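Right, one structure below, let's go through it.
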Amino acid sequence: MSGRGKGGKGLGKGGAKRHRKVLRDNIQGITKPAIRRLARRGGVKRISGLIYEETRSVLKVFLENVIRDAVTYTEHARRKTVTAMDVVYALKRQGRTLYGFGG
């Protein structure tokens with residue numbers, strides 16, 4: 001084993017950094033046209049104006065759950081890098097099997 005020792009910081013519970021960028025309103029990066037394109041791919045013709053914020057909130061909850069599980073797999077393997085397989089296993093755990101990314 002490499003010299004990791006006991007304890008150590010897990011992902012997601014790191015100590016304070018000197019210059020930490022404050023992350024807020026990043027969900028607004030999912031733009032209205034991006035949501036519209038996803039809906040078009042799903043076969044939607046017309047979209048209500050209220051859909052965009054609702055879609056952002058649902059997507060945020062979904063990604064938080066997947067990322068939490070993926071980071072749990074990463075920490076269990078004592079790695080600091082989340083791999084594609086961590087995400088595949090996290091999705092599989094939630095009943096959304098994804099093919100084409102190894103494993």
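Using N, Cα and C of the backbone, Cβ positions are placed for all residues, glycine too.
The compositional bias 'Gly residues' annotation in Swiss-Prot covers 1-14. Annotation comment: Swiss-Prot describes 1-20 as region 'Disordered'. Residues or ranges marked as N-acetylserine by Swiss-Prot: S2. Per Swiss-Prot, the feature N6-acetyllysine maps to K17; the stated evidence is similarity to another entry. Look at Swiss-Prot and you will find 17-21 tagged as DNA-binding region. Annotation comment: Swiss-Prot describes K21 as N6-methyllysine, evidence class similarity to another entry.
A simple way to gauge crowding: the CB of K21 (N6-methyllysine) has 6 other CB atoms within 10 angstroms, across all the protein chains here. Remark: secondary structure over the DNA-binding region (17-21) totals 0 helix, 0 strand, 5 coil, with classes taken from DSSP. The average per-residue pLDDT of the prediction over the DNA-binding region (17-21) is 77, rounded to a whole number.
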